[in-house]
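Here is the structure we will look at, set down as structure tokens.
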Amino acid sequence: MSNQIRHELVHTDAHLNMLTHNLLFTISCFLGCSAEFYVIDDRIGLGREFDGIGGLSGGGATSRLLVNYEEPYRSHILDFLFKPNFGASLHILKVEIGGDAQTTDGTEPSHMHSKDEGNFFRGYEWWLMKEAKKRNPNIKLIGLPWAFPGWVGEGTQWPYFFPNVTADYVVTWIYGAKQHHNLEIDYIGIWNEKKYDPVYIKVKKKKLDLYSVHYPGTKTVKEALLTEKKLWSSEDYSTFDDDIGAGCWARILNQNYVNGRMTSTISWNLIASYYENLSFGGDGLMTADEPWSGHYVVESPIWMTAHTTQFTQPGWFYLQTVGNLTHGGSYVALTDRKGNLTVVIQTMTHNHSQCIRPPLPHFDVSPQIATFQLKGSFAHLTDLQVWYSKLDFETKKDTLNLPVSTQVYNGSFTLKLDVDEVYTITTVNTGQKGTYPESPNSRPFPKNYSDDFTIDNPPFSEAPYFADQTGVFEYFRNSTDNGSHAFTLRQVVTERPVTWARDADQTISIIGDYSWTDLNVSCDVLIETPVTGGVFLAARIDQGGESVREAKGVFYWIYANGTYKVTNDIGGQRVLAEGLSGTREGVWYTLTLRIKGYFATGMLNGYPLWKNAVVLEPKNGWTALGTLSFEYAQFDNFEVNAE
């Protein structure tokens, strides 16, 4: 069947669903529904200026796997996020200013590991901002630090002892964005969800352009409203990208303005592109966590976003005639002051629109008939586009962004509104539901995988699929070795950062399939720190993200002091085996870890070093490599074979 025929059949099926919906609505409303009237009018003046809808990459490492997708799938994903009049069509991209520390799902590298160096090509946020700008040159860019390298805090966990140092660190990132990537940063945050120092704020910016809040529950405190400053929900949603997540997102996109007069809402996160078993796995506007297969899923929150973003732009204004519907739900109306009008209506029910935070007070929504009277400069409108979505929790057959028809009669239009629906009524005729051929089928991480890190000019600083959880592991050109270890992966954070989460005291980068149980994994390792240095190879890692400090698994350690240890935890407290290894710094060793059932065996340079350590838990998890402390160490020729 051709894609065109398939598209037409889907389109027809959606129309049939719409007709069925209207019939059922008519039956359910036959005895109890009467029309409620609402006015859309600009004669009493306009409301606040609309600043746009956005997504957040970071806080942390939430786009980690996206960069490893092959074309054309990577471009398809980016189009669904950023391409105007196609998918989410986002107006704003907010990114983390990497601070070398764990900030929810991983670490993002800093542009300055130390005060004496700068590198504006680490990580993937530069790339992501450029890709967003490529698709939408008008997209606004925001940077926000979650964590800072240790040198910024002068060995403390407080970045404000020397506010000029902290301010200069952030300003350097802004200048680097412009100088190296031609990116203009529009807004900068202070420190994510931490206490702020007034001196630092003064150093950084003498005038605050706006007030922002995270997870406001659609409400704004009176004191903020009285300032008459711009008000943003600069981090919101944080909910699974299923239909309940879509309901949450559709509801707050309207009610953040109706209830809280917030003119921008930014989703954490932009895209669930990290290992699913990390913190908040599956949050995002869509899912793309299988670069090895190319599989991704355009989830319903993308189309809830489109109801607003494809039919408005920053610089439009809300009308003052916005509000809640009599029988539940809400509506907003916006204009470009040039004759265009967009009205967005949502009727999400309580149980189908709960966000992860904050708790949602009870409310009722029921089927209703709503008549909207167009007044003022909109009274003459006769030709309106209508886009319709229905989250159907009974049949599981959603209708998403379907163009339908309505009639404007004597300056008004009437809609039969059922529960869990979104309507966009607009003069804008450029909207569309973008499509690409279906992505490849989902597949688990390859059971047989290897990487020798031999790449002369890597496009990104991280090796594919490795997800740093504490510390930063970067491609490294080993100038002192012209042989088999000229290209390696190196852990480069050498002092504890000013952390946002509870980073482990040991650095660790995970890779693979969380369901893996029995396997062989090997890696060449080089300890760089004399006497106190150490490295590990591990499997069955059961935790990462904000819980990385509590990670359990099978950790095979060797140390520069000539010993080894096998532990059941990253902290090294539950010892399974230990003894002499003869290892020291500056020498390459090959570690091999074999796990079968409840038993684990370790090899050193191909010879057994320890055998049959009993492993009762965990029964499955990722593989990993890492170091004893924040120290330099190198890794090469990683290979895993899972059963």
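The backbone N, Cα and C atoms fix where each Cβ goes, glycine too.
Among the features that TrEMBL reports, active site, proton donor/acceptor is placed at E193.
Same-chain residues at least 6 positions away in sequence with a Cβ under 8 Å from that of E235 (active site, nucleophile) are, in sequence order, L56, G59, K94, N192, H214, Y215, I266, W268. Among the features that TrEMBL reports, active site, nucleophile is placed at E235.
What TrEMBL records for 50-209 (among others) is domain 'Glycosyl hydrolase family 59 catalytic'.
Per-residue pLDDT, averaged across the domain 'Glycosyl hydrolase family 59 catalytic' (210-310), gives 96. According to TrEMBL, the feature domain 'Glycosyl hydrolase family 59 catalytic' maps to 210-310 (among others).
Residues annotated as domain 'Glycosyl hydrolase family 59 central' in TrEMBL: 318-432. In terms of DSSP secondary structure, the domain 'Glycosyl hydrolase family 59 central' (318-432) contains 6 helix, 48 strand, 61 coil.
Feature annotation from TrEMBL assigns domain 'Glycosyl hydrolase family 59 C-terminal lectin' to 468-642.
The Cβ of E193 (active site, proton donor/acceptor) has H214, W500 as same-chain neighbours under 8 Å, each 6 or more residues away in sequence.
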